[in-house]
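Lifted from TrEMBL, the feature list:
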- 8-13, Asp33, Arg38, 86-90, 127-128, Glu161, 272-275, Arg342: NAD(+) binding site (BINDING)
- Cys272: active site, nucleophile (ACT_SITE)
- 328-452: domain 'UDP-glucose/GDP-mannose dehydrogenase C-terminal' (DOMAIN)
Amino acid sequence: MVKICCLGAGYVGGPTMAVIALKCPEVEVAVVDISVSRINAWNSDQLPIYEPGLEEVVKQCRGKNLFFSSDVEKHVMEADIVFVSVNTPTKTQGLGAGKAADLTYWESAARMIADVSKSDKIVVEKSTVPVKTAEAIEKILTHNSKGINFQILSNPEFLAEGTAIQDLFNPDRVLIGGRETPEGAKAMQALKDVYAHWVPVERIICSNLWSAELSKLAANAFLAQRISSVNAISALCEATGADVTQVSHSVGTDSRIGPKFLNASVGFGGSCFQKDILNLVYICECNGLPEVANYWKQVIKINDYQKNRFVNRVVSSMFNTVSGKKIAILGFAFKKDTGDTRETPAIDVCEGLLGDKARLSIYDPQVSEEQIQRDLSMKKFDWDHPIHLQPMSPTAVKQVSVVWDAYEATKDAHGLCILTEWDEFKNLDYERIFDNMQKPAFVFDGRNVVDAEKLRKIGFIVYSIGKPLDAWLKDMPAVA
Ligand SMILES: NC(=O)C1=CN([C@@H]2O[C@H](COP(=O)(O)OP(=O)(O)OC[C@H]3O[C@@H](n4cnc5c(N)ncnc54)[C@H](O)[C@@H]3O)[C@@H](O)[C@H]2O)C=CC1
Ligand SMILES: O=C(O)[C@H]1O[C@H](OP(=O)(O)OP(=O)(O)OC[C@H]2O[C@@H](n3ccc(=O)[nH]c3=O)[C@H](O)[C@@H]2O)[C@H](O)[C@@H](O)[C@@H]1O
């Protein structure tokens, strides 16, 4: 029986391994983590992450061929294939701070694999890593290997949160990079055999190691670039009276461009886009390519601009001050159908409003008060470390309350901001909300989920990203 072990029971390791276990009943899969609380949660009824369809998959395999354990060394020792899906945060100190990937967790994983291994193993990079990481890992493994043969493969993950199970069941492609040697080819074939249980072979792409590593960074950069492009156009739409939804539709019907991933928003979030682009920028700089680095940097600059622009719209519309005013925040997660708040635009928007002394009442169907308070007190990039190593917030932010209902959040508020596109925000009773708000009552829709005309008829002043402006807003121009 083939034994697989995955280091890192997070958003990638957990769902990916659960799907491998489901699709390959004859493979034994152990998911291990240095965070004991995370492993306990995977073994309980309350999984540590919210992902549609995940619970069903886990319940079908857990205890049969899928195991969650904190006995990291035992499972690594027994495995034929070891996936490494640990955090690769942005460095906050030292060389490359603010850009380069921090490979501390990866390196300690590699050293541990070398220490405990007694048989040959295939080591698979699942985390997103800088190009040439496999070379460094190979050096660590071979210098400490006691004659054991390790083959390193790059098998980056392309799932998106909120649709992870769907994406894993039916991936556009699976990418496997390996050494161009007979041993490398054999290792690639072994991993290919795992995926071939459910992925059509023509969707399994094989490449050299460096192409696979770079393809992952490039794919995320291209995706984020689309969002920054449409967001840049959204600012121009507001200035000219064009409607960004109509523009993206017209642009996206060109089959060379395609319709997906062209929704204007308050800005992209999530644990990876910014981190991976910064990483790409750093690699370009290190390779003497400042023009290429600057090109990709703009994607992040526009994203920051979009978040600032949103805050400025809110403040300038409300007579240039939100001091002491209650603002309802609907949605805190970085996108719908996840409870993940890593690098969510809601953090920047809330911090911007708090900077102008607003009082915030926040509601998100999947994010706890503790998480929101932690996010609003944490330093940039601290969120991307194993949970037990993250600094505890010393005090809660006083001007913030977290409630469990959109109606409670909006009661007596001067304005409401929609920051996550949860479906339930489309169908709220906005008449009831209007009646219970201060007047004039404002809606700032950062995800274009509400029917602005309908809300205007109720009496709201509405701002939607990239849409023709309300007369009220035209008189109060916001500069970022
Ligand atoms: N979240 C996502 O949607 C995607 C993430 N990725 C990449 O996958 C990697 C992991 O991301 P997530 O799963 O989101 O992170 P995560 O933070 O949810 O999970 C990482 C886990 O690794 C554990 N860990 C750290 N060092 C360890 C060690 N030495 N041994 C055992 N466990 C260890 C941590 O305790 C944590 O539970 C990152 O490189 C990320 O860029 C790639 C595609 C999608
Ligand atoms: O490497 C990763 O971590 C993953 O990053 C993204 O997945 P994810 O961040 O989970 O979610 P996305 O659906 O890509 O959304 C990212 C952000 O962009 C925003 N977005 C997305 C699409 C769009 O049209 N407009 C827009 O503002 C979302 O609201 C969200 O804040 C990629 O889509 C995955 O392929 C990749 O594996």
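Cβ coordinates come from backbone N, Cα and C, glycine included.
Here the features listed in TrEMBL are painted onto the structure.
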residue	record	DSSP (3 states)
Gly8	NAD(+) binding site	coil
Asp33	NAD(+) binding site	coil
Asn87	NAD(+) binding site	coil
Glu161	NAD(+) binding site	coil
Cys272	active site, nucleophile	coil
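Taking Gly8, Tyr11, Asn87, Glu161, Cys272, Gln274 as the candidate recorded positions, the subset whose CB lies under 6 angstroms from any atom of ligand 2 consists of Glu161, Cys272. When the binding-site residues Gly8, Asp33, Glu161 are ranked by how far their Cα is from the Cα of Cys272 (active site, nucleophile), Glu161 comes first.
Listed in sequence order, Val31, Asp33, Phe83, Val84, Ser85, Val86, Asn87, Lys126, Ser127 are the same-chain residues at least 6 apart in sequence whose CB falls under 8 Å from the CB of Gly8 (NAD(+) binding site). Sequence-distant neighbours of Tyr11 (NAD(+) binding site) (same chain, six or more apart, CB under 8 Å from its CB) are Ile49, Glu51, Glu161, Ala164, Ser271, Asp340, listed in sequence order. Around the Cβ of Gln274 (NAD(+) binding site), the same chain contributes Thr90, Ala224, Phe268, Ile300, Asn303, Glu343, each under 8 angstroms and 6 or more positions distant in sequence.
Residue counts for the domain 'UDP-glucose/GDP-mannose dehydrogenase C-terminal' (328-452) by DSSP state, with H, G and I taken as helix and E and B as strand, are 41 helix, 19 strand, 65 coil.
Proximity to ligand 1 (Cβ under 6 Å from any of its atoms) holds for these binding-site residues out of Tyr11, Asp33, Thr90, Glu161, Gln274: Tyr11, Asp33, Glu161. Taking all protein chains in view, 21 other C-beta atoms sit within 10 angstroms of the C-beta of Thr90 (NAD(+) binding site).
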